[in-house]
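Quick look at what TrEMBL lists:
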DOMAIN    10-209  domain 'YjeF N-terminal'
BINDING   62-66, 128-134, 154, 251, 304, 356, 420  (6S)-NADPHX binding site
BINDING   63, 124, 157  K(+) binding site
DOMAIN    216-476  domain 'YjeF C-terminal'
BINDING   390, 391, 392, 393, 394, 419  AMP binding site
Ligand SMILES: NC(=O)C1=CN([C@@H]2O[C@H](COP(=O)(O)OP(=O)(O)OC[C@H]3O[C@@H](n4cnc5c(N)ncnc54)[C@H](OP(=O)(O)O)[C@@H]3O)[C@@H](O)[C@H]2O)[C@@H](O)CC1
Ligand SMILES: [K+]
């Protein structure tokens, strides 16, 4: 699992490390990483390193200092380097001196746009982890002029470091070189960061517990349920799916099929689409009603069940069975409209809610807003449930405050029925006995991989995503060391 730390925690860790490190050493290490990657980008985008032109956008703090030192290193490789200083009186003195010693030039702010237009590469050292609010007008104006590839130092300026939110002009980096720790922006707004390159500056021991976590392929592979020699169809966990209706059987078919694809255990379906489900997936044990469905180890309830009294009865029944429940779609609306249905829940029964933004707003009375991590954490605490907030980056929070981030792999999953596939996957993992927080995170990972595999650059349907689940699992397993 990769850890991700908020800027407050990174700053505290840096302070502790700085106290025991020779002055300037950390910055030079960071800047060296920037220069190495800048040279790589020049070679790739401009065809050579020596003789190329790099423009540094330099803000008032250490982020600008990193850029200035990187410029000094690039000079030594024959690169022409010009620095545009946003606040000349506050530019990092040692960095500036190093750049000037190496033959770099400082250009007036007014000439910045012209230099930027002729650059082969722009290095963004405007702000790093101490950024506050939207970019100031002079910085915003420079950023808007950039057409060359951009290498962001630590993070793309103008993107809020802890939430990934953008308000106004912001750098869209081709690559971001970050130091010491991944910060929330890198996983919450990956589009603005481009390729994220990590440079170790020895912060590891100082960081403590991460604020967010991301699953690696190895975590997904390790968590994925694999039958052992003594397993049978029951021992691997039976998934129950209560979804769809006679008029709208699609949700039922997709959710049940995703559970079939995700596990070699058994899948039961209960609802008015039993005939259609059975016809498409004969391996599903289908019945017309949840009340005679038999034992399961987890229920998926909601997609397409309607929000009336019949749907409510189904949800209340599932909540009273003493097994984990993944409540999605209509089940979320039912809970939002009548929170008392949760009284049926056995207090020890794990509940997993999987809202998209609209359902989240219905459920909590408030849209997730720019700080999605804070919003999902609060909802998890309030409902004493694991909450998976769908979005470009999917977030999974548990009541204890742990948050998993699943970085998007393109936008292909924004397609009808895609959520039904995710809830079926999640249900199968819950039934296998995975703890709900991890089950949701692993399901989101495989769902995103399947979406990417199904799409391969063209639109994908939910059925395509469903069909790609086995390959997604194979991919995660093959990437694990
Ligand atoms: N500490 C370490 O060991 C290491 C740190 N390292 C590096 O230091 C970086 C953090 O540096 P930092 O703390 O000096 O602040 P930083 O992010 O450069 O901001 C500086 C100033 O910008 C301004 N400003 C704020 N908001 C703004 C806005 N919206 N639009 C425009 N301007 C804005 C504001 O100044 P003001 O203009 O208010 O005087 C603020 O004080 C970190 O990201 C990493 O790159 C590495 O070298 C590794 C070792
Ligand atoms: K930056």
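A Cβ is built for glycine as well, from the same backbone N, Cα and C atoms used for every other residue.
For ligand 2, the binding-site residues lying close by, meaning a CB under 6 A from one of its atoms, are 157; the full candidate list was 132, 157, 390.
Selection of the binding-site residues 157, 392, 393, 394, 419 by a Cβ distance under 6 Å from ligand 1 yields an empty set. Within 10 Å of the Cβ of residue 391 (AMP binding site) there are 18 other Cβ atoms, across all protein chains.
For the binding-site residues 63, 390, 391, 393, 394, 419, a Cα-Cα cutoff of 10 angstroms around residue 129 ((6S)-NADPHX binding site) retains 63. Other than 390, 391, 392, 393, 394, 419, the residues of this chain whose Cβ falls within 8 Å of the Cβ centroid of the AMP site are, in sequence order, 356, 389, 395, 406, 408, 413, 444. Shown are the binding-site residues 62, 65, 154; of these, the residue with the fewest other Cβ atoms within 10 Å is 62.
With the fewest other Cβ atoms inside 10 Å of its Cβ, the least crowded of the binding-site residues 132, 390 in this structure is 132. Geometry remark: residue 154 ((6S)-NADPHX binding site) versus residue 393 (AMP binding site), CA distance 20 Å. The closest partner of residue 63 (K(+) binding site) among the binding-site residues, by CA position, is 393; the full candidate set was 356, 393, 394, 419. Summarising the environment of residue 124 (K(+) binding site), the number of other Cβ atoms within 10 Å of its Cβ, over all protein chains shown, is 32.
Of all the binding-site residues in the list 124, 157, 391, 392, 393, the shortest Cα-Cα distance to residue 65 ((6S)-NADPHX binding site) is found for 124.
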